[in-house]
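*Asks:* Before I ask anything, here is the structure I am working with.
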Amino acid sequence: MPRHGVSPGQGHPGCGRETESHRSRGSPRLRLLWTGLALALALPDSLVLWAPAGAHPLPAQSHSARFGRLVPQLRNAFGWWNLTCPVCKGLFTAIDFGLKKEPGVAWVGSMATKLCKLLKIAPPTVCQSAVQLFEDDMVEVWTRSVLSPSEACGLLLGSTCGHWDIFSSWNISLPAVPKPSPQPPKPPAPGAPVSRILFLTDLHWDHDYLEGTDPDCENPLCCRQDSGLPPASRPGAGYWGEYSKCDLPLRTLESLLSGLGPAGPFDMVYWTGDIPAHNVWHQSRQDQLRALTTVTALVKKFLGPVPVYPAVGNHESTPVNGFPPPFIEGNYSSSWLYEAMAKAWESWLPAEALHTLRIGGFYALSPRPGLRLISLNMNFCSRENFWLLINSTDPAGQLQWLVGELQAAEDRGDKVHIIGHIPPGHCLKSWSWNYYRIVARYENTLAGQFFGHTHVDEFEIFYDEETLSRPLSVAFLAPSATTYIGLNPGYRVYQIDGNYPGSSHVVLDHETYILNLTQANEPGATPHWQRLYRARETYGLPNALPAAWHDLVYRMRGDTQLFQTFWFLYHKGHPPSEPCGMPCRLTTLCAQLSARSDSPALCRHLVADGSLPDVQSLRPRPPFC
């Protein structure tokens, strides 16, 4: 979802991979056909990563919507050959066989590079590097999913010839235990302990950041050694960071961590991933592991004995967003990453948590009596995780595992915090709707949800499924440490009902801290991290419970000054220069109500006056995948 003002649907640079017909007599036409399918699926969510900032959020488009328009064209084109089912399956068996051979992969890469350059999706060198990085994984995925004989022929010739179930609907099972009556948390007694949780997300360390280089280069990521110098009329990248499509030098992260004193002390840290930079077209496994170990060591150095609980971001892997479910084995698997995380984080996590981390990148533990912490691998819900084309049904069994954890916590009388990187409202529809259902079932047990990924300061509200009118939970989406794109560096601190018997463990308030880059980059200046705002004080909230955030959204609909305050803080004190008018405002507010993807009914009251004709199109999406 937004950074408002950045083009939507950006993600991994897995540009359209076309497929070879393996000497079939219809080869040219078939290649064009699958080029079209590849572009329809991949490009809108992939290669637009390098679009510079605009001012307003733009609508997303679901996979199903794109397929809805594409499938009739595909069927008509295949009808031109008058294909029978056996011929169709034989054809795609041959395609899969041919693609897996080295010449097939090379042909896909060559065509993808040409398309990338032709469509000016990225600079030529970026196109070349991105394709080389992605081509092996993408060919493996496409031959096991979209191009498998059963899937492809089921799509093109109907269910009598195969079964197309990519991104089809599915449901997890909930226990037969009746749901307890909703019990809103009681306010803590005066003087009750309050815990402070430091929340770090989207650090995006750029090893090659270089002061003075061009912050507006042609590449997707600038302020780097390969960005060149800016024109004489424009300043170069600042010492501490830059308001542009740039990530952070290590010294800025050191400054953040060394300057935490006034915001502390902290009882624990939630750290929700995205450690490497956005140079996603040119990253090796060695690069990603260097980022993991370097930044983990930095966190340990400055936070010392404070327990840190991490979650896996979508940028940790390479290719970016590439997180195969555990049934993918061998060199394509994510074991190289999960094993390195387990080693780096073993001083923070117990053996039970390290075990599931090594398998699927998620875990659960008990940081204190009465509280269970669950760290989800949200890449298994991601629209941009191309491995889910093979099978998107509850990848790694993570949601069913989550249900088991929540039921066990309910049985014990414990409360639960969930942390993760990608927010649930940004997920594939079935995953998002199942998660929404789980949150509704365990509303009494779930005390807090904490995510990142969007780089801006926002939230997502959950409602009862029966009426979609009773707020029952809120997911907090904290702003990024990185400046990407055009932001101040920042971090979040949550005040939580503290560690005592009977604690609700809910969020009582939160504070956001930033580094004002304009001031920090002045000659002779030193960085000064300052509190930007306190949520309850700034927004006039009676508490930080879901109903208060629901009311805030509807107050902002009619109060321009209040919304402008939100808009300023949403961008960490550095909003776009172009104002956010009413369509932009309603789109932004709709996003705060939408913890369930592809669910326009959640905004029906917000836009009931008809200001925006297509509620389905209101859902902005993050450009940072």
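Cβ from N, Cα, C; glycine included.
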*Asks:* Between C116, C127, C153, which residue forms the disulfide that TrEMBL gives for C88?
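*Replies:* Out of the candidates C116, C127, C153, the one TrEMBL links to C88 is C153.
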*Asks:* Quick one: pull the CA-CA distance for C88 (disulfide bond) versus C161 (disulfide bond), whole Å only.
*Replies:* 9
*Asks:* At the level of the C-alpha atoms, what whole-angstrom distance separates C85 (disulfide bond) and N314 (Zn(2+) 2 binding site)?
*Replies:* 39
*Asks:* Which one is closest to D274 (Zn(2+) 1 binding site) in space, judged by CA to CA distance, out of the recorded positions C153, C223, H421, C427, C580?
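*Replies:* Looking at Cα distances from D274 (Zn(2+) 1 binding site), the smallest one goes to H421.
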*Asks:* Can you tell which of C85, C153 has the least company, meaning the fewest other C-beta atoms within 10 angstroms of its C-beta, among these disulfide-bonded residues?
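*Replies:* Minimum Cβ neighbour count within 10 Å, taken over the disulfide-bonded residues C85, C153, occurs at C85.
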*Asks:* From the Cα of C246 (disulfide bond) across to the Cα of H204 (Zn(2+) 1 binding site), what is the distance in angstrom?
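*Replies:* Pair distance, Cα basis, whole Å: 9 Å.
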